Amino acid sequence: MASSAQSGGSSGGPAVPTVQRGIVKMVLSGCAIIVRGQPRGGPPPERQINLSNIRAGNLARRAAATQPDAKDTPDEPWAFPAREFLRKKLIGKEVCFTIENKTPQGREYGMIYLGKDTNGENIAESLVAEGLATRREGMRANNPEQNRLSECEEQAKAAKKGMWSEGNGSHTIRDLKYTIENPRHFVDSHHQKPVNAIIEHVRDGSVVRALLLPDYYLVTVMLSGIKCPTFRREADGSETPEPFAAEAKFFTESRLLQRDVQIILESCHNQNILGTILHPNGNITELLLKEGFARCVDWSIAVYTRGAEKLRAAERFAKERRLRIWRDYVAPTANLDQKDKQFVAKVMQVLNADAIVVKLNSGDYKTIHLSSIRPPRLEGENTQDKNKKLRPLYDIPYMFEAREFLRKKLIGKKVNVTVDYIRPASPATETVPAFSERTCATVTIGGINIAEALVSKGLATVIRYRQDDDQRSSHYDELLAAEARAIKNGKGLHSKKEVPIHRVADISGDTQKAKQFLPFLQRAGRSEAVVEYVFSGSRLKLYLPKETCLITFLLAGIECPRGARNLPGLVQEGEPFSEEATLFTKELVLQREVEVEVESMDKAGNFIGWLHIDGANLSVLLVEHALSKVHFTAERSSYYKSLLSAEEAAKQKKEKVWAHYEEQPVEEVMPVLEEKERSASYKPVFVTEITDDLHFYVQDVETGTQLEKLMENMRNDIASHPPVEGSYAPRRGEFCIAKFVDGEWYRARVEKVESPAKIHVFYIDYGNREVLPSTRLGTLPPAFSTRVLPAQATEYAFAFIQVPQDDDARTDAVDSVVRDIQNTQCLLNVEHLSAGCPHVTLQFADSKGDVGLGLVKEGLVMVEVRKEKQFQKVITEYLNAQESAKSARLNLWRYGDFRADDADEFGYSR
């Protein structure tokens with residue numbers, strides 16, 4: 001600490017006190033401060049200076065934890081204003097001081113002046129003049145300092161300043177609150193708005209004690225997202241600093257101690273508050289990282305409201321320069337070329353919930369594991385039935401939901417893959433199986449990180465790493481933030497609700513069960529299915545959602561090359577092109593949603609029939625690509641002509657199974673393909689029902705009279721032969737008659753049987769649904785079945801629009817459509833087909849106005865941008881309408897364009 005000696009007169013005269021200088025580090029009270037020197041290679045020395053000749057009130061003191069009978073001591077009147085007067089005047093400022101007295105206990109008393117010499121402001125006199133301190137009695141009257149203090153005190157009394165004002169000063173006593181009953185509620189109540197505060201103590205570089213204003217809460221605040229070296233407490237009570245702990249503490253002290261700051265309270269951890277301290281001169285969290293005094297910590301970085309990437313960037317800055325705690329840091333070496341690190345690939349298969357199989361541009365297949373996430377796991381495995389074979393996809397809670405989320409988002413689509421790290425192969429241990437080498441990557445589609453989307457829905461968790469482990473996702477902080485949101489919102493794995501149970505019956509190879517299912521599948525016509533596995537080109541395993549069962553399915557009408565088989569004692573080689581046929585089927589249908597028509601079954605309990613994908617018959621496609629031949633059993637099928645035509649075309653190409661086919665060449669006339677144009681052929685329909693997801697059901701106006709006649713005849717028949725109440729036993733998928741609320745009977749289909757009192761039915765001619773007791777149902781007379789007149793309600797969806805994900809916004813759109821078109825005649829044109837239902841444009845019958853375009857104009861829906869050339873004109877019109885709605889801030893757009901930041905994929909909702 002700097003000092004300068006001032007000489008007096010002769011050696012016999014009184015000694016002149018030595019003037020010393022320092023920087024005020026802390027104000028202990030209205031009459032005591034701590035000064036420090038300039039730092040040189042480490043934290044500087046400090047000393048406490050007590051002001052001579054004056055007395056200020058004592059500040060509040062908390063009772064010692066070791067003395068259970070002791071009580072907290074409150075502020076004395078005017079003690080805190082005196083402390084604040086000095087704090088605002090002196091903290092961080094240079095002062096000079098003289099020591100007049102030193103007690104045997106080492107306490108030093110003296111005079112303090114603001115500035116570099118004693119000509120500056122006398123701090124003791126300023127305190128007394130403001131009425132914040134009193135002159136000590138008993139001093140020599142002829143002492144010049146004492147005389148000046150006496151004058152200052154008289155002036156303060158005359159002006160009624162401070163303690164000399166009217167009243168007892170009780171309003172200056174703080175109501176200090178040392179504890180908070182519910183820290184989590186306290187943090188949430190501030191809604192991450194900055195709170196004014198004073199930093200009262202610095203425990204280490206990243207932990208402080210702060211006084212929150214204006215309510216005087218004294219709280220411990222840990223800086224979100226970082227951790228500085230700490231002071232280890234030894235058994236004898238002493239503290240041992242970790243490397244750079246003292247330097248980090250001084251770095252924070254010199255910038256924040258007893259400064260006015262604002263704190264954003266961000267979260268709560270073990271009764272400690274996590275927050276970010278804001279100061280006009282900068283963000284201490286980022287500064288500590290940048291100077292190499294702190295490291296990022298994963299467990300709290302997700303709550304940092306100013307963006308975790310800023311903290312990672314600051315840490316990288318210090319690592320690259322090997323500053324302080326990073327002096328021995330060695331950067332990981334890159335072992336991948338750029339082309340292998342980033343690439344675009346097509347997703348061919350989803351493996352459970354954390355890995356996918358992609359097809360590279362080279363045609364090779366590669367398994368990619370999603371970085372830093374863990375799929376749902378089975379808890380309490382010891383309680384499981386050891387005799388029961390575990391089926392992870394269905395038996396592990398939320399595994400099926402996670403797989404389905406990935407399947408629906410990714411299968412058949414191109415994704416961007418960024419390899420984050422390669423996990424080396426590991427041998428098996430007693431508790432952990434062996435793992436082969438794994439390529440772990442961040443996979444995005446449409447700018448959305450699939451792992452983050454999965455975590456945000458509570459369908460996966462984030463792996464926790466050692467702090468020095470850099471082998472992690474390049475978007476690790478976003479994953480942590482997504483998990484925090486999922487936990488807060490109780491999504492998926494973090495939900496308090498009962499876990500979903502999937503009772504899926506596997507009837508593959510079970511002849512008895514297959515016989516029971518066969519009639520239902522035959523009557524159902526086309527059934528929805530998901531291809532779970534491809535055994536060969538014509539043999540597949542299907543999951544039927546409505547029936548919740550797994551079946552083995554054989555393609556009808558074709559003879560596909562048989563693949564290699566393992567037989568007892570030998571391996572039977574596969575027929576030529578069997579592998580190509582299997583690969584073709586895999587690439588086309590594996591994990592896709594398809595439609596199947598079951599015709600029969602074989603002796604082994606395998607179902608035989610036709611499989612359709614995107615309107616195409618897989619049997620025909622295999623024949624068309626010369627990977628199968630037509631089987632004679634196809635003669636009885638309605639697809640026989642298509643199969644023969646495809647086979648003839650394949651024969652002419654002489655490829656694959658027809659490579660050695662010999663026939664007289666036939667002149668082939670190739671049709672001239674014309675560029676497809678948008679077809680606008682509007683037909684009159686009657687809108688009968690609008691669903692909550694903005695689909696709608698219509699009746700064809702041209703067949704309306706047939707329905708009216710059928711309904712009239714059916715009701716007359718029922719009136720003549722009424723069903724016996726309670727005699728009908730409903731089964732899912734069956735057609736029946738149901739009595740609607742108007743007391744009339746209508747044709748319906750049973751969708752679900754909860755109990756005899758709760759039967760879910762769908763009115764096939766009108767599109768509405770209802771839950772009825774079985775007493776209001778009856779058998780559908782054969783004379784009025786769907787073979788006589790097919791179901792008249794057809795489901796459609798609006799083309800070129802996206803339905804809002806937000807429940808309230810979607811309700812607004814549905815309400816608008818209900819008001820405009822329900823129970824009215826409109827004009828309908830099919831624009832394109834989809835796996836769910838055809839997408840159409842709908843016009844008002846009188847004005848010919850486009851209903852979907854009207855929704856866009858009102859800002860109730862968004863535009864679905866399609867790439868097909870024939871739709872560009874109408875898409876442009878829709879986009880122009882959307883821009884107009886945006887400009888007018890209508891409905892969805894009332895807060896501007898929300899789509900970039902408010903993606904539902906990440907768990908947000910408006």
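Every residue, even glycine, has its Cβ placed from backbone N, Cα and C.
Noted in Swiss-Prot for the protein shown:
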MOD_RES   A2  N-acetylalanine
DOMAIN    18-166  domain 'TNase-like 1'
MOD_RES   T103  phosphothreonine
DOMAIN    193-328  domain 'TNase-like 2'
MOD_RES   K193  N6-acetyllysine
MOD_RES   T240  phosphothreonine
MOTIF     321-325  motif 'Nuclear localization signal'
DOMAIN    341-496  domain 'TNase-like 3'
MOTIF     388-392  motif 'Nuclear localization signal'
CROSSLNK  K513  SUMO2 cross-link
DOMAIN    525-660  domain 'TNase-like 4'
MOD_RES   K641  N6-acetyllysine
DOMAIN    729-787  domain 'Tudor'
MOD_RES   T779  phosphothreonine
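Projection of Swiss-Prot feature records onto the structure.
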{"residue": "T103", "record": "phosphothreonine", "DSSP (3 states)": "coil"}
{"residue": "K193", "record": "N6-acetyllysine", "DSSP (3 states)": "coil"}
{"residue": "T240", "record": "phosphothreonine", "DSSP (3 states)": "strand"}
{"residue": "K513", "record": "SUMO2 cross-link", "DSSP (3 states)": "helix"}
{"residue": "K641", "record": "N6-acetyllysine", "DSSP (3 states)": "helix"}
{"residue": "T779", "record": "phosphothreonine", "DSSP (3 states)": "strand"}
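Long-range Cβ contacts of the motif 'Nuclear localization signal' (388-392) within its own chain (Cβ-Cβ under 8 Å, at least 6 residues beyond either end) map to 352, 378, 399, 504, 506.
Tertiary proximity for the motif 'Nuclear localization signal' (321-325) is limited to same-chain residues at least six positions away from its ends with a CB under 8 Å from its CB atoms, namely 229, 243-244, 247, 291-295. Compared over the recorded positions K513, K641, the count of CB atoms lying within 10 A of a residue's CB peaks at K513.
Here the modified residues are T103, T240, T779, and the one with the most other Cβ atoms within 10 Å of its Cβ is T779. DSSP places the residues of the domain 'TNase-like 1' (18-166) in helix, strand and coil in these numbers: 38 helix, 46 strand, 65 coil. Residue density at K193 (N6-acetyllysine): 9 other Cβ atoms are found within 10 A of its Cβ, drawing on all protein chains shown. Looking at T779 (phosphothreonine) and K513 (SUMO2 cross-link), their Cα atoms lie 26 Å from each other. Cα-Cα distance from T103 (phosphothreonine) to K513 (SUMO2 cross-link): 98 Å (rounded to the nearest whole number). Straight-line distance linking the Cα atoms of the residue listed as 'SUMO2 cross-link' and K641 (N6-acetyllysine), rounded to a whole number, equals 34 Å. Here the motif 'Nuclear localization signal' (388-392) has, by DSSP, the following mix of helix, strand and coil residues: 1 helix, 0 strand, 4 coil. For the domain 'Tudor' (729-787), residue counts in helix, strand and coil come to 6 helix, 29 strand, 24 coil, using DSSP. Counting residues of the domain 'TNase-like 4' (525-660) by DSSP class, helix then strand then coil, yields 41 helix, 50 strand, 45 coil.
Confidence annotation: the domain 'TNase-like 1' (18-166) carries a mean pLDDT of 91 in the model. Each residue contributes its Cα atom, and for K641 (N6-acetyllysine) and K193 (N6-acetyllysine) those atoms are 72 Å apart.
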